[in-house]
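> Here it is: the structure, laid out below.
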Amino acid sequence: MKKTKDIGICAIDIYFPQTYVNQSELKKYDKVSNGKYTIGLGQTNMSFVGDREDIVSMAMTSVKMMMSKYSIDYQSIGRLEVGTETIIDKSKSVKSSIMSLFQEYGNTSLEGVDTLNACYGGTNALFNSLQWIESSYWDGRYALVVTGDIAVYSKGAARPTGGAGVVTMLIGPNATLIFDQSLRGTHMENVNDFYKPDLSSEYPYVDGKLSIECYLRALDKCYLEYKKKFESINDDNKFSMDSFDYVCFHSPYNRLVQKSYARLIYNDFLQNPNNPKYQDLLPFKDLSTGKDSYINSKLDQITLKLSLDDFKTKVNPSTLLSKECGNSYCGSVYSGILSLLSNVNDLNNKKVLVFSYGSGLAASLFSFRINNNKNRNNNNNNNNCFFKTTNDIGKISNIKERLSNRVKVSPEEFTRILDIREKSHQMVGARTPIDTLDYISAGTFYLEKIDEKLIRHYKSKPIISSKL
């Protein structure tokens, strides 16, 4: 196979549930201080599901939606890889269940399985797919990356940081979002900031303060790794946030995204402390990126103020889905990319920096550039001529209208549904979900039953066509 170029994301879409709870209403129900969820966390609404939907049904819906909206031939997919930490079977992969969609069209030749590492699995699945297309093993077909989760927490302070959603990406040559080859900063270490050792429960064990410190430390490390590679390739250019038009972050909650961009500005200062625009940060020069810098409120205050204008233009356009749907774990940073494409019209030639983080921990800083030129030379490969502009992708995904058509559920009903979901997850044996199908939209897969062999059976809610 002839070596290809301009590899990246050709299309991207997301499935999120029809139901959501409003964070202001949840705050009142939880009897916490005003603004704790909306200002303290920076969240607006939160998606959730009952016992009728699981990671398999959501992933299947996301894939089928992508294939249908873009009229993609199922035979044109040669790799399908899933990134998720929502585990419903200790052996059977989510990818194997998605195969039922491809078997229907006679395609059983698809490489890839599931990748697991907290919220980082989708990024690893993406990297694997990019490298597959770059390799001698590539057979000329597209890759499909499916990534997302159902994030649920027990009652308490962490519950409003939940969410749900699954992103699907079509990866191939001659892409619209072209990844920068050789530019990637990665940091990994062994730490117990967030983990799920109790397989009878969906709820994680979380050390909130440690997790924030780990996130920011990983960001610091990835910044330095990326900077080193960037400057080795671009001899005359120094790496800084000025090198990019937009930045997307993994978003447990939006306030952490704000702090993270401010942290990158602080890293810029440490690399160039004599720049006059950073004069307010000079007292922190010797603090560097040590542990004390993660809990220094004065430093936070100054960096947030310094970075605010840039945050509004460079980062805020990518936060729509995370603020509206909450944390989709593996899908979070990619929902940020889709939000950006949906919010900004003129993205041609723009450069985007992306930070992906998964607890435990694994993190990467990487980048892509956008090419909306429909007249590009496309003789690179036989049938890989699929091309959509970022405006096309935004219109096809139609996330703003879809968000507005969701069903708002009261905090009382939200709590009741999650209680049912918790009890259902702990049950072993044949059972039929009891949650209503009224909240399942047409064309969505749902869990019909679990039989006596504990095999899960899914159905798609019929699409009823109206006739005159």
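Cβ atoms are placed via backbone N, Cα and C, with glycine included.
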> With Cys119, Thr161, His250, Lys259, Asn327, Ser359 listed by Swiss-Prot as (3S)-3-hydroxy-3-methylglutaryl-CoA-binding, which of these, Ser200, Ser211, Ser293, Ser397, is given for the same site?
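Same (3S)-3-hydroxy-3-methylglutaryl-CoA site in Swiss-Prot: Ser211.
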> Measuring CB to CB from Asn327 ((3S)-3-hydroxy-3-methylglutaryl-CoA binding site), give everything in the same chain under 8 Å that is also at least six residues away in sequence.
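Within the chain, Asn327 ((3S)-3-hydroxy-3-methylglutaryl-CoA binding site) has Cβ neighbours under 8 Å at Cys119, Ala151, Thr161, Gly162, Gly163, Ser251, Pro252, Tyr253.
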> For His250 ((3S)-3-hydroxy-3-methylglutaryl-CoA binding site) and Glu85 (active site, proton donor/acceptor), what Cα-Cα distance in Å is obtained after rounding to a whole number?
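With the alpha carbons as reference points, the distance is 15 Å.
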> Measure from the Cβ of Ser211 ((3S)-3-hydroxy-3-methylglutaryl-CoA binding site) and count the other Cβ atoms within 10 Å, all protein chains considered.
21
> Around Thr161 ((3S)-3-hydroxy-3-methylglutaryl-CoA binding site), how many other CB atoms lie within 10 A of its CB?
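Excluding its own Cβ, the number within 10 Å is 20.
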> Give me the long-range Cβ neighbours of Lys259 ((3S)-3-hydroxy-3-methylglutaryl-CoA binding site): same chain, 6+ apart, Cβ under 8 Å, in sequence order.
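When sequence neighbours closer than 6 are ignored, Lys259 ((3S)-3-hydroxy-3-methylglutaryl-CoA binding site) has Leu216, Asp300, Leu304 within Cβ distance under 8 Å.
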> Taking the Cβ of Ser359 ((3S)-3-hydroxy-3-methylglutaryl-CoA binding site) as centre, how many other Cβ atoms lie within 10 Å?
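Ser359 ((3S)-3-hydroxy-3-methylglutaryl-CoA binding site) is surrounded by 27 other Cβ atoms within 10 Å.
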